Amino acid sequence: MADYLIVGGGLAGCVLASRLKKYDPSLKVTLIETGPNEHDHPLITEPMGTMQLHNSDFEYNLKTTPQKHYDGREVFQAGGKLLSGSSAVNYAAWTRGDRADYDLWSKMVNDKRWSYDGQLPYFRKTETHHDPDADPNQHGFNGPIHSTPALGRTYPLTKQLREAYMSIGVKPIHDHNGGNNKGMAPHIETWYKGKRQPAGKAYGLKGVDILTETTVAKIILSDNHSPPKKATGVVLTSGETLTASKEVIISCGAIRTPQLLMLSGIGPADELKKHNIPLLVSSPAVGKSLYDHGAVTQFYRIHNPEKALCAPALIGADPTYLQGFPTDYIIAESAPSSLLAPTLSKDDPSTSSSDLSTHPHLFPPRSHYEILPMYAPTEVPLTNMNIPLDSSIISIGILNLLPTSRGSVTLATTSPTDPPLIDPNYYTTETDRCIMRAALRRNIAAFSSPAAKEVVKEEVPPEGYPALTINSTDQELDARVRRCAGTFFHLAGSVSMGEVVDTECRVKGVEGLRVVDASVLPTPLSAHTMVAIYALAEQMAEIIVGRKA
């Protein structure tokens, strides 16, 4: 019997297992992971292997349901299927988001521990930050994860593209991870000395009982006829039963966690009834409120192909280009409030003028979108576009960081090995369309500037669509999104804090059961989700063992 059974050996699961064992070495901690341990596989360790991981055995390689506002397309969803989870397969972007994101989270759940200041000790605890000019009040310098500015690599196109963005008013800032991310800052990554840092390897799992290639079928709940039920263990797909004397902790991510809860009889009554699953704990919000960072990638053909990363001569001249993802700066900005306010009212006609004056999408100022220049055609395999994979093309990732569209995870079958139905409901709200249009127009303006025209020849649109220009209509921008938009794989919110779990991640109505992963994030963050999940797991480990009140 374990003291703690952790279901899901992804980022959060590995951090929890490592910290629980460190804080109390007498604890018996069992970590269960569906996939293998492949920390040292070359596709995992090397930055240039990242794009090859899609559609490999190391990812789940799922698809959403047909998305109405993406022209009925099914959107590819990755996600790590191995020990350390997505920290072993992602692009290693280390972005924290803005203070306002976390303060809204705290306000929504009425618990200051989840505010920016409440989480700051855990942002610092998880990292060893390699920037001598960094604010020591904002960064850690002795944590398991090495975070490094990508400026150690100087790309031939950097100067002109930075000047292009600054020429349209983008503000340079030193640190994207200091509580205010609005502006253009050095891209921070967790490629360290050219190698990936999977969570389980970086934190260490010494003394943890690790079960890889093992899948949980359901959570065992006590037979009490009166609430609350108590989680006492899990049943594996092999039929074997594992028990926990203290707690079962679910860390399977925004897709698999709600699926496992529902298969165990915890969820919306109507959804469980469809599949003849006995309702043991009514929890109507399980699987609801799913959201994701919808994204569009623009591709541009440059005048001098020898200056893009795919040029063999360029890589040969400077091997440091192989030590990280092909980017060095990142931009986050607000969409104009003059455009957002009416769209927020259109999405919710009950919104009054006084409501708008305090609306969290408007005040305090938020970072609504991200622009990420990449000096190679990095996202081509995910866009269904016929773009040449050669040195003539660079790509610009554009993300809606604060979507208001909400979707769901529901059951497709009662088998734990079948994927559930994933419906992020992308691009449904007028607010989301407004944000993406604003982001596209901002990027188009930069690439229409004299500085950009020195190096960029033209935009490369999908076949049958016009190139986007400063004169493109809203309808043309929307058409491009519907045709090309995808995701950067940041699904969250499907087991939201305040709804399904309390502020200590305990599943409401069940004793001895917690959820610690991206599914509990109650609101989108203006960041890639990795930093937030490290901080979440760090703080929860202290809460679980009683080190933090």
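Cβ atoms are placed via backbone N, Cα and C, with glycine included.
Automated prediction, rather than curation, is the source of TrEMBL annotations.
Features reported for this protein in TrEMBL:
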type: ACT_SITE; residues: H490; note: active site, proton donor
type: ACT_SITE; residues: H528; note: active site, proton acceptor
type: BINDING; residues: V216; note: FAD binding site
type: DOMAIN; residues: 253-267; note: domain 'Glucose-methanol-choline oxidoreductase N-terminal'
type: REGION; residues: 126-152; note: region 'Disordered'
type: REGION; residues: 341-360; note: region 'Disordered'
### Summary
Cβ-Cβ distance under 8 Å, sequence separation of 6 or more, same chain as V216 (FAD binding site); the residues meeting this, in order, are V7, I32, V234, V235, L236, T237, L260, P416
### H490 (active site, proton donor): tally of other CB atoms within 10 A of its CB
25
### Query
Hey, which bits of the same chain come close to the domain 'Glucose-methanol-choline oxidoreductase N-terminal' (253-267), Cβ under 8 Å, at least six residues off its ends?
7-8, 10, 60, 62, 77, 79, 85-86, 216-219, 221, 277-281, 283-284, 286-287, 290, 409-411, 414, 416, 419-420, 422, 491-495, 500, 507, 509-510, 515, 517-519
### C-alpha spacing of the residue listed as 'active site, proton acceptor' relative to H490 (active site, proton donor), in angstrom
7
### Task
Grab the same-chain neighbours of the region 'Disordered' (341-360) for me: Cβ-Cβ under 8 Å, and only residues 6 or more beyond its ends, written as numbers and ranges.
100, 104, 366, 404, 429-431, 433-434
#### Entry: Cβ packing number for the residue listed as 'active site, proton acceptor', 10 Å threshold
25
### Message
Using DSSP and collapsing to three states, where does H490 (active site, proton donor) fall: helix, strand or coil?
### Response
coil
